[in-house]
Amino acid sequence: MSEKYVVTWDMLQIHARKLASRLLPAEQWKGIIAVSRGGLVPGALLARELGIRHVDTVCISSYDHDNQRELKVIKRAEGDGEGFIVVDDLVDTGGTAVAIREMYPKARFVTIFAKPAGQPLVDDYVIDIPQDTWIEQPWDMGVVFVPPLSGR
């Protein structure tokens, strides 16, 4: 990945609220299925905004930090997704999204970020991201002191 897009906690919450507003009325949903691990924080934010208490997970592994690898389903939520929102942080090349669609064909699949290759596979997303850009999520970063450029 040649570029990086840094996401702050504030930005993530703003984007999640925007996405939640598109999922109203909340009463239409039985629950949320968060895609582990990237969808866990967005899933919690959507659950808060929509007042949803039933939150489950589907655990899929496809990355080692910034290296994509073979898809592995570790754990899945039951059912076909009817009445559920499935949420992930990002749709990238679409590998995970294809697996999600197969597991939960009746769910509404949403992400905060979407790259061009994966956009057609999700029902909704908030932010367009170029395909060659790596997203640095706030849960992967720490706040550190950075000395001034002048050194004083």
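Cβ coordinates are placed from backbone N, Cα and C, and glycine is handled just like the others.
Of all Cβ atoms in the protein chains displayed, 15 besides its own lie within 10 Å of the Cβ of Thr93 (5-phospho-alpha-D-ribose 1-diphosphate binding site). Under the heading 5-phospho-alpha-D-ribose 1-diphosphate binding site, Swiss-Prot lists Arg37, Gly38, Arg69, Asp88, Asp89, Leu90, Val91, Asp92, Thr93, Gly94, Gly95, Thr96.
For Arg69, Asp92, Thr93, Gly94, Gly95, Thr96, Trp134, Ile135, the entry in Swiss-Prot reads GMP binding site. The Cβ of Asp92 (GMP binding site) has 25 other Cβ atoms within 10 Å, all protein chains considered.
Within its own chain, Asp89 (5-phospho-alpha-D-ribose 1-diphosphate binding site) has Gly38, Gly39, Val41, Pro42, Thr111, Ile112, Phe113, Ile135, Gln137 as residues 6 or more apart in sequence whose C-beta sits under 8 angstroms from its own. According to Swiss-Prot, the Mg(2+) binding site annotation covers Asp89, on the basis of sequence analysis.
Summarising the annotation, Swiss-Prot assigns guanine binding site to Asp92, Ile135.
Ile135 (GMP binding site) falls within a strand segment according to DSSP. Look at Swiss-Prot and you will find Asp92, Ile135 tagged as xanthine binding site.
In the three-state DSSP reading, Gly95 (5-phospho-alpha-D-ribose 1-diphosphate binding site) counts as helix. A coil conformation is recorded for Arg37 (5-phospho-alpha-D-ribose 1-diphosphate binding site) in the three-state DSSP classification, outside any helix or strand.
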